[in-house]
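J.: One structure, pasted below without further comment.
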Amino acid sequence: MARGGGWHVVVLLLLCAAFPAAVRSDGSDHKYKVGDPVPLYANKVGPFHNPSETYRYFDLPFCFTGEVKDKSEALGEVLNGDRLVSAPYKLDFLIDKESEVICKKQLSKKDVAEFRRAVAKDYYFQMYYDDLPIWGFLGKVDKEGKADPSEYKYYLFKHLHFEIFYNKDRVIEINARTDPNALVDLTDDKEVDVEFMYSAKWKESPIPFEKRMDKYSHSSSLPRHLEIHWFSIINSCVTVLLLTGFLATILMRVLKNDFVKYAHDEEAADDQEETGWKYIHGDVFRFPKYKSFFAACLGSGTQLFTLTTFIFLLALVGVFYPYNRGALFTALVVIYALTSGIAGYTAASFYCQLEGTNWVRNLLLTGGLFCGPLFLTFCFLNTVAIAYHATAALPFGTIVVIFLIWALVTSPLLVLGGIAGKNSKAEFQAPVRTTKYPREIPPLPWYRGTLPQMAMAGFLPFSAIYIELYYIFASVWGHRIYTIYSILFIVFIILIIVTAFITVALTYFQLAAEDHEWWWRSFLCGGSTGLFIYGYCLYYYYARSDMSGFMQTSFFFGYMACICYAFFLMLGAVGFRAALFFVRHIYRSIKCE
């Protein structure tokens with residue numbers, strides 16, 4: 001008993017270590033008196049167009065006074081690439097400052113070259129003051145009237161103006177702007193003396209403390225953005241209604257004719273040869289090839305669908321408000337760990353229904369099907385980040401925490417789910433008997449092959465979501481804020497409905513052509529939208545973004561490959577479940593000898 005209790009304590013400690021950021025980090029519910037120090041942390045710097053390529057603030061040769069202290073961070077913040085350290089500015093509550101000198105520093109030729117390279121790449125800095133974000137650029141490039149890049153002038157901003165708003169004893173808002181007249185010329189490789197300064201101006205604000213984060217949320221809800229989002233939804237809904245209505249009408253009419261025809265055939269002549277989907281009733285429930293792999297795909301897809309649903313629920317109740325540092329990453333890690341039992345149960349239960357015997361191997365396959373490629377991708381990208389000395393490189397301690405979550409939560413739950421699935425003793429519900437020997441599939445035209453069918457199946461769901469995809473990409477791989485989760489949830493529901501419907505329609509046409517190998521086809525057709533999303537990644541990278549460099553390119557395509565693979569498994573599971581329900585229904589509705 002004591003041993004089991006200890007195991008649970010370890011799990012709880014791990015989850016508590018991982019999860020605090022997901023609860024609430026706007027935070028700081030601090031009340032201040034005049035002159036009280038307010039926490040100000042410098043976070044990171046990096047090229048504006050490369051969101052994954054960020055570095056520690058003091059990797060650049062800024063001057064600092066006193067000791068630089070690291071802020072302790074939750075798991076999600078570290079995964080997000082946040083590395084908060086004490087900033088050199090002192091912005092005490094309600095204390096105005098005018099041209100306060102932080103320090104005087106002589107920049108060496110190497111320091112000047114570093115700053116010049118940063119300014120040329122549009123480096124920005126990010127800080128947090130009382131958990132409110134501050135952004136700004138490090139400098140500017142003067143290109144005016146200069147055609148040749150060698151004639152460009154590079155300047156570093158040396159004076160930062162902070163404008164801080166307060167309501168009674170709370171900080172409400174902070175803005176930072178650079179002084180365009182206080183510049184340091186970095187154009188030439190020579191030593192430069194710099195005096196870094198800052199000013200602070202406090203102003204009263206009527207905004208209550210509870211609504212101080214609203215300005216970030218509302219930026220993505222501006223009327224012009226909302227119009228595009230609603231246009232996207234209406235466009236998707238109309239497309240979906242027209243196409244699903246069209247397909248439903250055809251399917252219902254064709255199926256009705258089929259049922260009447262088959263009923264008439266039975267009454268008319270028993271020796272008449274059967275045609276169409278009824279002809280293959282003895283083969284349609286023949287178990288697929290590679291059934292262990294198939295069950296593992298289904299288990300992983302079901303887990304990812306559950307994970308996505310939980311993430312949407314958290315988003316809709318307001319957990320992922322802007323700048324809640326790392327909340328999404330924390331939630332993804334923890335919920336994925338806690339839902340692994342669903343993958344184990346679904347895979348083992350379905351594998352046993354397919355009369356599989358080696359359920360242990362099936363569980364190992366299920367556990368590694370999504371985690372394996374994700375782990376390999378992470379290893380490569382983390383190595384790249386370490387080589388670049390970027391904050392995206394995870395510290396050893398964080399890797400240990402994630403490994404412990406996997407070893408102590410994910411794996412045991414997967415095994416428990418697998419044992420429960422194996423012991424469920426559920427039998428596969430086939431409404432018709434399967435013959436001993438499979439029928440030969442007649443020669444089919446090229447467009448009935450797997451790849452053309454996948455292309456047809458993936459295009460329709462993708463067309464329903466592609467407008468919204470741009471905003472999600474601009475948020476994840478850019479600096480836009482995305483908060484309209486209700487609209488995103490509607491788009492997700494549309495995506496699920498369309499995927500299910502198109503897979504059912506293609507499965508019917510496949511069976512009508514007397515091709516009974518529909519199991520894998522329905523999964524591949526359902527999941528093919530993931531391939532279209534990856535195709536959109538190529539378009540977005542080259543046509544809609546300014547990302548560049550090996551690190552940013554590898555991070556974008558590496559992690560997007562993992563996300564699209566997750567979509568492939570999730571929508572594949574949705575497509576197969578819909579097709580299975582449909583096939584059972586039509587064969588239950590006819591009398592087969």
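Note that the numbers count up from 1, one per residue, in the order the chain is shown.
The backbone N, Cα and C atoms fix where each Cβ goes, glycine too.
Feature list, courtesy of TrEMBL:
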type     : residues : note
SIGNAL   : 1-25     : signal peptide
TRANSMEM : 228-251  : transmembrane segment
TRANSMEM : 293-321  : transmembrane segment
TRANSMEM : 327-351  : transmembrane segment
TRANSMEM : 363-388  : transmembrane segment
TRANSMEM : 394-416  : transmembrane segment
TRANSMEM : 454-473  : transmembrane segment
TRANSMEM : 485-511  : transmembrane segment
TRANSMEM : 523-543  : transmembrane segment
TRANSMEM : 555-583  : transmembrane segment
J.: Below 8 Å between Cβ atoms, which of the listed ranges 228-251, 327-351, 363-388, 485-511, 523-543 makes the most pairs with the transmembrane segment (293-321)?
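T.: The stretch with the most contacts is 327-351.
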J.: Do at least three C-beta pairs under 8 angstroms join the transmembrane segment (555-583) to the transmembrane segment (363-388), pairs 6 or more apart in sequence?
T.: yes
J.: Check the transmembrane segment (327-351) against the transmembrane segment (363-388) for contact, please; criterion is three or more CB pairs under 8 Å, pairs 6 or more apart in sequence.
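T.: Result for the transmembrane segment (327-351) with the transmembrane segment (363-388) is yes.
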J.: So, taking each listed stretch (228-251, 363-388, 454-473, 523-543) in turn and counting its Cβ pairs to the transmembrane segment (485-511) that are under 8 angstroms, which one gives the highest count?
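T.: Looking at each of 228-251, 363-388, 454-473, 523-543 in turn, the most contacts to the transmembrane segment (485-511) are made by 228-251.
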J.: Going along the chain, which residues at least six beyond the ends of the transmembrane segment (363-388) come within the CB cut-off of under 8 Å?
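T.: Sequence-remote neighbours of the transmembrane segment (363-388) are 53, 292-293, 295-297, 299-300, 303-304, 340, 343-344, 347-348, 394, 406, 410-411, 414-415, 418, 550-551, 554-555, 558-559, 561-562, 565-566, 569.
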